[in-house]
Amino acid sequence: MNFDWTAEGPKLLELLYGVLAFLAVVGVLLLVLDKLPLRKDRWVAAAFLFPAGALLMIGLIIPAIRTTILSFQGASTFEAKWVGLDNYKWIFTQREALITLRNTLLWVVLVPLIATSIGLIYAVLVDKARLESFAKALIFMPMAISFVGAGIIWKFVYAYRPPGEQQIGLLNQIVVWFGGEPRQWLLDSPWNTLFLIVVLIWIQAGFAMVVLSASIKAIPTEIVEAARLDGVTPWQMFWQVTIPSIRPALIVVLVTITVGTLKVFDIVRAMTSGNFDTSVLAYGMYDYAFVRYDSGKGAAFAVLLFVLVTPIIIYQIRNLRQQRTIR
Amino acid sequence: MASTTRRLLLAFAAAGLLTVTACSSSSDTEAGKDNPNLDTAACSAYAAYKGQGLDGKTVSVSTSIRDTEADLLKQSWKAFTDCTGIKIDYAGTSDFEAQLPIKVQGGNAPDIAFIPQPGLLATFAKQGALKPASAATKAEAEKNYSPDWLKYSTVDGKLYGAPLGSNVKSFVWYSPSMFKEKGWAIPTTWDELITLSNTIAATGMKPWCAGIESGGATGWPATDWIEDIVLRDQGPEVYDQWVAHTIPFNDPKIVSATDRAGSILKNPAYVNGGLGDVKSIATTSFQEGGIPITQKKCALHRQASFYANQWPKGTKVAEDGDVFAFYFPAIDPAKGKPVLGGGEFVAAFADRNEVKAFQTYLASADHANSRAKLGNWVSANKGLDIANVSNPIDKKSVEILQDSASVFRFDGSDLMPAAVGAGSFWKGMTDWITGKSTKDTLDYIESSWPK
């Protein structure tokens, strides 16, 4: 492997052009604004929003519209044929697609709830404990691993070898130690989806823990002490002081994890490739659009995903606004 | 405040100006001259490409061939690039089938792609993205390949390039030393194969081992099984009808062939030696599927010629070695020798002279021999001198491909529409292995056939 610096020259030059072109656009914009007699703030704001708006348009809005159009068209990647709502009808009637929907539902319900609960309990337990930061680092570490990496790690945990052979999977080795028969964890639906869900919980619990722990530490000491003086039990403290005080943080964590879960793709792809009834919406989208060349059905999955995420985002925005008015 | 802003603006404006001038001053590289190498004796074979002004031009190639195989390929056309001065920009990716349509639709198609799926090639051709082969390429292809092979890269009467490498799928891998030790003979008919399986099963060893896990393509080795057996159980005519969908996918004839495959693959007494129960076939990677043979935990593994590359380091692949393969026997040998195979086709998305020249060269016997000499390669190219093929299993493959008794058929799933060939057929077979009935599986695949 020889790295040829001279061959990289043109690429670096192109990069330089790109950066300079960007600076030039901003420069011209500033120049024009400076010269124009208009001094209305609205115009200035509009002018500054323009580059970001244009990029959003090219990178987000136009593709979204195109995807929506594709979802009303037929299978061929190259010649458009209108099929109306057929692709959506297919999603809600065909067994394979229905299982994809069921799995997505399982993911979206279980991952945020369990990951947040684990994060919360852990945050409360280690709060002000000895070696608190070490304990936190332990659970936070999986956050640093990519989804694909995590998928591969857990694929090894679930690895199967027939009885009598040397087990290489941790879980089956434990089963064997306790006198059981090794099992094919990733084969039997719907349990295999639960085994995949564990992976995302493993990743996300650390995130929930960090945010909630910070929030718990921000509870004013007066409130905690007042409650103590009133003689609350730890149980009452948790439900009647801690939880209400960190409610906004809880919602943020739940919503963030929910949105992340809806998009889950890498774990399924790395561990089962959607086989054995483990597919989810985002994987179905990829599978149909890019492997089976059925862009219509792939796009329909994408639109459905978008529709499902939208209310969550709207809820989140409204929530943030309400908090701002309270303050 | 105002003056600072102005100064900043001036800097920006200057930067902008700089960009414009820098863009316009990029110089064209010198190109279009003939390589002086062409006049040397070693390059006389490439004289046909002289005078086309190809020196210094670049052809981009996109393929699914990676790693060692890619290095050998690049080496195989070294003389061509040295003599003509054409540069080959080679990019191999495991995600080739998914990436190519994206590149083509995005207006970023490679000059040449080695496409292993005739179905995909036809889609591109019908869309008008591919350029028909030049007269020179066509002449070269027709000289070196049988019409059977060229049929797969011909769309609406136009040829879109010659095949490149090929593989033979109708092989059963076994261990010659194990067979010798136990006194087993190589079966030459289907009945003998089943008798042998029973003999092995009676010794307590599971005779067969298999694995069909292959990431996003999980299931393909099982589709090969079905195709190979449809070809044996029902003959080439039914096979063609089945692939072209003139009979439905769940036709009783296909059900019977699939059940015959199931009599081995779904038989708990036969599979899955060293790997687990029948279901373990679905979760064993195809690369690991035959490895138990080397550990004496199974005896038979049906897989293509390219499986020769999968054996652990140090395994001797030879007729008297650790592993070797025999021809997957026909059910009725009187009806000829059914052979299932695959290969990739050299399709061009551009018709610049250097692209045409490279496409023509790849269709030639010259290239086939140059590549074969480097080892681990098979081609249906009739100009391929079998003396240049070193690997014994490749030799056997070339013999089978050149045998006139062979009834060759291309891998069916690669000919079917992607929705089936790269979708429901793979998925269906995976479900079939894990317990779904033959009828339900074939009904599901039939229902997914694009209308």
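Placed from the backbone N, Cα and C atoms, the Cβ positions cover glycine too.
According to TrEMBL, the feature transmembrane segment maps to A:15-33, A:45-65, A:105-125, A:137-157, A:191-212, A:246-265, A:298-317. Annotation comment: TrEMBL describes A:101-318 as domain 'ABC transmembrane type-1'.
Using a Cβ-Cβ cut-off under 8 Å and counting only residues 6 or more beyond its ends in the same chain, the transmembrane segment (A:45-65) has close neighbours at 25-26, 29, 32-33, 306. Residues 43-44, 47-48, 50-51 of the same chain sit 6 or more residues outside the transmembrane segment (A:15-33) yet have a Cβ under 8 Å from a Cβ within it. Same-chain residues lying 6 or more positions outside the transmembrane segment (A:137-157) and placing a CB less than 8 Å from one of its CB atoms are 119, 122, 168-171, 186, 195, 198-200, 202-207, 209-210, 264-267, 269-271. The list of residues near the transmembrane segment (A:246-265) in space but at least 6 beyond its ends in sequence, with Cβ under 8 angstroms from a Cβ of it, reads 104, 107-108, 111-113, 115-116, 119-120, 147, 200, 204, 207-208, 211-212, 214-216, 219, 280-283, 286, 305, 308-309, 312-313, 315-316, 319, 323.
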